[in-house]
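*Asks:* Heads up, here are the entries from Swiss-Prot:
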BINDING   13, 14, 15, 16, 17, 18, 19, 20, 21, 40, 121  ATP binding site
BINDING   91, 96, 127, 131, 182, 191, 267, 279  L-citrulline binding site
BINDING   123, 127, 128  L-aspartate binding site
């Protein structure tokens, strides 16, 4: 707390919920600081006006509520999907990719309002504290960062509720007890963790899933869609061009209705522990499959394999919070270069939790009917050439075998 004694003005990442409302009041009462709130519309599906009204009720004069959905998808989600990024083989990084955007706006607002600190509501056990703070320091190395969950004296939900009552912070009746699990959501995904999900041997209750119907309840008839790409980014569905956020929202609807995008994962957190999360990424799951399909006919083999080699490192950088690091930007430049000719359309069949590629076409396709046909290729490929190719590639293996067979 001593390091905060000179803080006069703080920009708080504010959701309007109980926890960040308590943080807001704590900053006012314990630090005596003026608080500025920032609430981002990331497509989480919540009304944001209540956050404004609650901030006003708590005496806040400077309130920022910004619709960042297009920026989120255009500048963060789409660049990540150009890389086909997944953490530990399956996680589409829906929470991770939103944190640098929030930090960017916190820093921008701090500069605009003359604040000397920012604050967030991430706990001291999770990855988000790292992501928020690494991003903030990358953009302003001198900013002060306040993380109340690491500093305050509250030990339980009861302590928080008592503080709320003492300071007349409204508490909804359904918030009086501990929530059965915690939720984070944005336009790309929703994640649920904790409480009823902490035993990884037990199936998650169906009520945890808020973005998708169960695959068993999905329609018995498949849905077929076409996704169009330009320079590696999705630009259209069924021939209709859309903005990035509008397109992702539309894919979410297709995924939701067909039970697509559920993931039950035990992951390795950056801070060292394992955690179990239940994720729903309906549109992102469709997008990843479609992007890999269009790359399959437009990327050269060497470029495709190099991308696959660097992808785990790129995904790890995002998961750990290094979006604004030079190494992520270097990898991004390589990835973006690879996408110059990644354009065309992919036809997908969506059915009971599955995304199946049934067609792909591109004016920049490297797929040659003449080369792969089982019929007469009219001299496009001389099969006799394969003998020399194989013999040269076998040279080291034959040399090794001769040595090893000597007794």
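Placement of Cβ uses the backbone N, Cα and C atoms for every residue, glycine included.
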*Asks:* Near residue 121 (ATP binding site), which binding-site residues out of 91, 191, 279 have their CA within 10 Å?
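*Replies:* Within 10 Å of residue 121 (ATP binding site): none of them.
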*Asks:* Out of 127, 182, 191, which of the binding-site residues is least crowded by other Cβ atoms within 10 Å?
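*Replies:* If we count Cβ atoms within 10 Å for the binding-site residues 127, 182, 191, the smallest count is at 182.
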*Asks:* Is it possible to get the count of other C-beta atoms within 10 angstroms of the C-beta of residue 123 (L-aspartate binding site)?
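*Replies:* That number is 14.
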*Asks:* Counting other Cβ atoms within 10 Å of each Cβ, which of the binding-site residues 17, 121 scores lowest?
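*Replies:* Lowest Cβ count within 10 Å among the binding-site residues (17, 121) is 17.
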*Asks:* For residue 21 (ATP binding site), identify the closest of the binding-site residues 96, 123, 191, 279, judging by Cα separation.
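*Replies:* If we rank 96, 123, 191, 279 by Cα distance to residue 21 (ATP binding site), first place goes to 123.
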*Asks:* Reduce the DSSP letter at residue 182 (L-citrulline binding site) to three states and note it down.
*Replies:* strand
*Asks:* Cβ within 8 Å of the L-aspartate site centroid (123, 127, 128 excluded): which residues?
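*Replies:* Leaving out the recorded residues gives 122, 125, 126, 129, 130, 131, 271.
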*Asks:* Could you state the CA-to-CA distance between residue 17 (ATP binding site) and residue 96 (L-citrulline binding site) to the nearest Å?
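*Replies:* Their Cα atoms are separated by 21 Å.
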